[in-house]
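Record features (Swiss-Prot):
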- 166, 167, 168, 169, 234, 235, 236, 237, 238, 239, 240, 241: heparin binding site (BINDING)
- 216: O-linked glycosylation site (CARBOHYD)
- 151: phosphoserine (MOD_RES)
- 172-193: repeat '5' (REPEAT)
- 194-215: repeat '6' (REPEAT)
């Protein structure tokens, strides 16, 4: 009897465990349908939605908790892949947001600030929930490594439950973000149309004025004979050329007068310089002439003295007669 009860208990536990394994990999069909619908939209959406679709596909693969997934979860490969996909998604999302902000320039500052604040909050929620996914997988890896070979069925079940909840939160975040972006894009489109309308309102009166002026000139010209119009053009051209010639002659006369003034000034300055040079030369002559005359007198006296001394030494000396 005890053996029978033991066999029944073993069979029951094996059935429970066998039922648990597919449960980790299986998702309710009602939950999967909206995900598939949203994923189809992501595949044909903006670049940030395509990046989000790649992140979602990788997360679905992780949630299967297959043997390969469990092996990679024990290393840092899964978290590294998720980090790269998260960074790519947020980068594309920021680029798309910046593009919409440029298109929102014609919109009022208050409206643009409010839309930007709401969109930034939705973007932050999506980033936080994606970060929760990565943190939860990192925590699972730490818990598995700490068990040291013990059974990890309970950890896998708890991880699968957490991942399902996080995926639901991510779906809500993405839906909210898409709605905010749609409002943002509608505001940008409205602002662009408003800017074009304002430009059109300013240009239409100018175009009408130009048309009216062209029509007036055309009608006045059409009413004149061709010969009269040619004569009128010739008279205007002749008057214009005479005006240009008169201005040119006046300008040449001014240049000639300026040249004459410059030449007269140069001649005057040259004459002044000649007079100054002659006066300086006369002053030098008056300085040095007395000195030269004095030197000449001294030299003549010296020569006379030398000649006298030479003559005296050359005179014969009388000898003794013995």
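Glycine residues also receive a Cβ, built from the backbone N, Cα and C atoms like all the rest.
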Let me know the most crowded of the binding-site residues, choosing from 168, 236, 238, 240 and counting other Cβ atoms within 10 Å. 168
Sequence gap of 6 or more, C-beta under 8 Å: which same-chain residues meet both conditions with respect to residue 166 (heparin binding site)? 129, 132, 133, 136
Residue 234 (heparin binding site), Cβ-centred 10 Å count of other Cβ atoms over all protein chains shown, is 10
